[in-house]
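The structure under discussion appears below in the form of structure tokens.
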Amino acid sequence: MKLHEYEAKKIFKKYGIDVPKSFLIKKGDDVELKEFDEAVLKAQVLVGGRGKAGGILFTNKENFKEKVEELFNKEIKGEKVDKILVEEKLRIKKEYYLSITIDRNEKKPVIIFSSEGGVDIEEIAEKHPEKIIKYYVDIKKPFLPYIGREIAKKAGVEIKVGDIIYKVYKIFKELDATLVEINPLVITEDNKIYAADAVIHLDDDSYFRQDFSEFEEYKNKENLPFAYVELDGDVAVIGNGAGLTLASMDTIYDFGLKPACFLDIGGGADEETTKLALKKVLENKKVKGIFINVLGGITRCDEVAKAIVEILKDNPNIKFSVRLTGTNEELGRKILEEANIPYSTSMYEAGKRLAESLRFSL
Ligand code: GDP
Ligand code: MN
């Protein structure tokens, strides 16, 4: 889950990292610039490189309203702007780059620091690879403040940058983040240090021990009781268990079909969950057929069958094929037979039947 810049900066502040003075405005708010003479308007959209995409505007008291309107009317890399963070413009002397993420090859958190910040890290890596410092964290040892200071020393920058590195690591660890990035980390003309930008990505799998409730992306998200990933094809694939769902995708590929989604209703899915899953895929107008593959373990075939009957009643024209086997198979079969819905206990046969029925309509 990605946090907006203003949300990430609230966290920075809490951890003692200085951020510019600011206030947040929403589309439709009628506001003037009183607090500071010169301001930076920052579109709160969840994409990187807003500066280059026109999402960062500089303004003053005179042209404030105009610029605000201009930014609200823009789309930044396809995202609408409905909030703007108004910040006091900093007098920047130097810009650094700092991030912490997980290095999957090393299987360790990695701290990346560069004294050439402000631009894309890819650009720094290309032009000044010698200016990028990587430090792999040994998670078995405590992360102590001196480690931050050593990185700062190695980079040849102000030693107080080390304090920021220490605090950023604390955030990374305590919040179960997958990325914390400050680009640029700024030294101002009066030698103060500020996080001028803030990116935090949190690990969705840490929801059981973290409180996401205050974050926008979490609040806006549909809380579906299953894993759902939209894809490019036109056949919805529903299975129980990730492995079986992937195998179902392979099966329909073998018959020349392409999945419109991966939907894993999980182990123990009941009638309600199955209905929700079917409704979810039917919302997608691209979907021409549904392939549902359930191997009843904890999940009961009769529950799945009941859901199928209910949903197909309202959607009689959708091409549909079901493979159903396992717990309560007899009961499930009876429910489907009574409703005249063909089924199969073989994944291959069910896939083949769907391909045949679709061949005439695609
Ligand atoms: P991003 O493009 O999404 O990474 O957005 P940033 O918040 O990093 O802003 C883009 C660039 O605008 C930064 O790299 C800075 O060079 C510049 N910038 C942002 N805030 C200020 C500021 O307060 N003063 C000055 N002079 N430049 C700023
Ligand atoms: Mn930035």
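Residue numbers in this text run from 1 along the chain shown.
Glycine is no exception: its Cβ is also placed from the backbone N, Cα and C atoms.
From a predicted model like this one, the values you see are computed outputs, not experimental measurements.
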Worksheet item: Given that TrEMBL lists Gly297, Ile298, Thr299 as binding substrate, which residue among Asn191, Asn220, Asn223, Asn240 does it place in the same site?
Response: Asn240
Discussion item. Which binding-site residues from the set Leu90, Asp197, Thr299 have a C-beta atom lying less than 6 Å away from ligand 2?
Written reply: Asp197
Discussion item. In whole Å, how far does the CA atom of Leu90 (ATP binding site) lie from that of Thr299 (substrate binding site)?
Written reply: 58
Worksheet item: Do you know which of the binding-site residues Gly49, Gly51, Asn240, Gly297, Ile298 end up with C-beta under 6 Å from ligand 1?
Response: Gly49, Gly51
Worksheet item: Hey, how far is Thr299 (substrate binding site) from Gly51 (ATP binding site), Cα to Cα, in Å?
Response: 50
